[in-house]
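Q: Shown below is the structure under consideration.
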Amino acid sequence: MQLAVIGTGYVGLVAGAGFADFGNDVACVDVDEGKIARLLRGEVPIYEPGLDTLIAKNTKAGRLSFSTDVAGAIRNAEVVFIAVGTPSAADGSADLSAVYAVAETIGKNMNGFKVVATKSTVPVGTADQVEAIISRHTTQPFGVASNPEFLKEGDAINDFMKPDRVVIGSNNTRALEVLRSLYDPFVRTSDRIHAMGARSAELTKYASNALLATRISFMNDLALLAEKLGADIDRVRKAVGADPRIGPKFLFPGPGFGGSCFPKDISALIHTARVMGHDLELVRAVEEVNKRQKHVLGSKVLHHFDGALAGRVIGVWGLAFKPQTDDIRESPALTLIEDLLAAGATVRAHDPQAMDNVRPLFGDRVTFVDTMYAAAEGADGLALVTEWHEYRRPDFHRIKRLMRTPSLFDGRNIWDPEELRSIGFWYTGIGRG
Ligand SMILES: NC(=O)c1ccc[n+]([C@@H]2O[C@H](COP(=O)([O-])OP(=O)(O)OC[C@H]3O[C@@H](n4cnc5c(N)ncnc54)[C@H](O)[C@@H]3O)[C@@H](O)[C@H]2O)c1
Ligand SMILES: O=c1ccn([C@@H]2O[C@H](COP(=O)(O)OP(=O)(O)O[C@H]3O[C@H](CO)[C@@H](O)[C@H](O)[C@H]3O)[C@@H](O)[C@H]2O)c(=O)[nH]1
């Protein structure tokens with residue numbers, strides 16, 4: 001099938017390369033000339049494991065191309081995917097200006113039946129708006145569909161190539177058929193394709209993210225209580241998750257959830273509800289708990305040093321919002337660093353992939369170091385924010401020798417408190433008594 005994917009970010013690149021790998025001809029287009037220039041030089045502008053190989057393979061095979069010619073890609077395509085950003089607007093709603101701009105360009109370049117499928121996360125009713133905008137510019141037939149994307153950064157290729165489910169929302173039978181045949185090779189049984197109306201599909205995406213975020217905020221809130229009660233949230237997590245009705249995933253307490261999706265999608269869902277006269281109390285609480293949680297690590301550091309960090313050096317391990325990505329959007333590490341700097345600390349930060357993205361935010365207010373051990377040099381405290389593999393089993397004896405005072409703030413509960421205390425560290429995690 002001839003496809004156009006508009007927007008070459010985390011979603012557009014993975015989807016474009018994934019569709020091409022299944023034999024489709026895919027034109028990936030973007031208005032960002034710099035990004036397209038890098039892609040044309042064979043560089044991948046983001047860090048996502050396996051993406052460079054997948055892009056190289058399919059570009060070489062002639063099935064995947066990159067350009068800024070959005071109009072041309074639309075004219076050649078049977079299916080046009082909208083994968084542009086939908087960031088938070090000032091009032092918390094989703095900013096749909098990029099989606100609407102693309103819809104207009106599609107309308108102006110219609111030359112036969114096309115399916116227009118929105119992969120971007122968009123509020124309920126956006127498919128109707130997209131349809132209305134396209135209709136203003138053309139009398140050609142087309143079908144609009146909502147096709148929300150559920151990939152996770154860091155594991156995006158796997159999620160896209162072997163999806164748990166594919167959601168297709170459209171009131172247009174032909175569009176549903178075209179998308180079904182496009183996705184059939186990705187799913188072992190057709191049961192995993194969920195066809196529904198566009199509004200239901202749009203709401204499914206927000207419902208999924210809000211429920212996952214609810215689990216995390218619930219555990220983060222409970223972790224604070226566990227600390228007060230002298231219980232270990234990690235033991236509680238494992239035992240609670242052993243109930244198959246609950247399951248073990250997305251119950252890990254931490255420094256608050258970040259990323260380009262949960263915070264903005266929750267905010268947009270709350271906004272949608274408010275506009276409809278409905279107060280989503282539970283989701284509002286999820287958001288509030290998360291805002292508070294992002295300060296928990298900073299508060300622990302401050303409390304440990306009696307409320308003052310002037311003259312103190314704090315090492316920070318992990319800047320990306322999660323491992324296996326260079327994405328720092330809404331990362332709890334940024335909040336921690338701001339809190340540490342505000343309290344007068346000197347910060348030495350390390351991340352395997354995200355340092356180039358963080359550097360412009362802090363300039364020389366933060367020292368960025370090339371090795372993880374260098375972050376511990378002369379430090380009074382070491383805070384773990386992102387659970388990259390290499391931070392899981394470091395040489396703690398070496399770390400202890402490097403630090404000025406050996407205190408560890410384990411934001412992901414990945415270390416063994418007993419072992420660390422036996423080495424001579426002062427240790428705290430999240431909700432571990
Ligand atoms: N990142 C994720 O893990 C993820 C997962 C599922 C869904 N989503 C949703 O997918 C959408 C895209 O997310 P992302 O993380 O890939 O965003 P991104 O910011 O990484 O990429 C968006 C791209 O769209 C381009 N763009 C903006 N306006 C354009 C226009 N008018 N024409 C052509 N290109 C344009 C930008 O230049 C940018 O390269 C968002 O709605 C997001 O909520 C993201
Ligand atoms: O038990 C957990 C699981 C996750 N997190 C945090 O939650 C955030 C989001 O993590 P994750 O969901 O793994 O990454 P995303 O790439 O943001 O993916 C989410 O957001 C995407 C965009 O909508 C969806 O497509 C995915 O299905 C959904 O998992 C990160 O800060 C994690 O550290 C926790 O604190 N505890």
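Placed from the backbone N, Cα and C atoms, the Cβ positions cover glycine too.
These came from TrEMBL, pasted as-is:
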type: ACT_SITE; residues: C261; note: active site, nucleophile
type: BINDING; residues: D30, K35, T86, T121, E153, K264, R329; note: NAD(+) binding site
type: BINDING; residues: F150, L151, K152, E153, K205, F250, L251, F252, P253, G254, G258, K322; note: substrate binding site
type: DOMAIN; residues: 315-417; note: domain 'UDP-glucose/GDP-mannose dehydrogenase C-terminal'
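Tell me about the setting of these features in this model.
A: The Cβ of C261 (active site, nucleophile) has 26 neighbouring Cβ atoms from other residues within 10 Å, across all protein chains displayed.
For K35 (NAD(+) binding site), other Cβ atoms within 10 Å of its Cβ number 20.
For F150 (substrate binding site), the same-chain residues lying six or more positions away in sequence with a CB closer than 8 A to its CB are D159, P163, D164, R165, V167, K205, S208.
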Q: Which one is closest to K152 (substrate binding site) in space, judged by CA to CA distance, out of the recorded positions T86, C261, R329?
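A: For K152 (substrate binding site), the closest Cα among T86, C261, R329 is found at C261.
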Q: If I take the Cα of T86 (NAD(+) binding site) as reference, which of the recorded positions L251, P253, G258, C261 has the closest Cα?
A: C261
Q: Helix, strand, coil residue numbers for the domain 'UDP-glucose/GDP-mannose dehydrogenase C-terminal' (315-417) per DSSP?
A: 37 helix, 19 strand, 47 coil
Q: G258 (substrate binding site) to E153 (NAD(+) binding site): how many Å between their Cα atoms?
A: 12
Q: Suppose we screen the binding-site residues D30, T86, T121, E153, G258, R329 by Cβ distance to ligand 1 with a cut-off under 6 Å; which survive, in sequence order?
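A: By the Cβ criterion, which requires under 6 Å to ligand 1, the hits are D30, T86, T121, E153.
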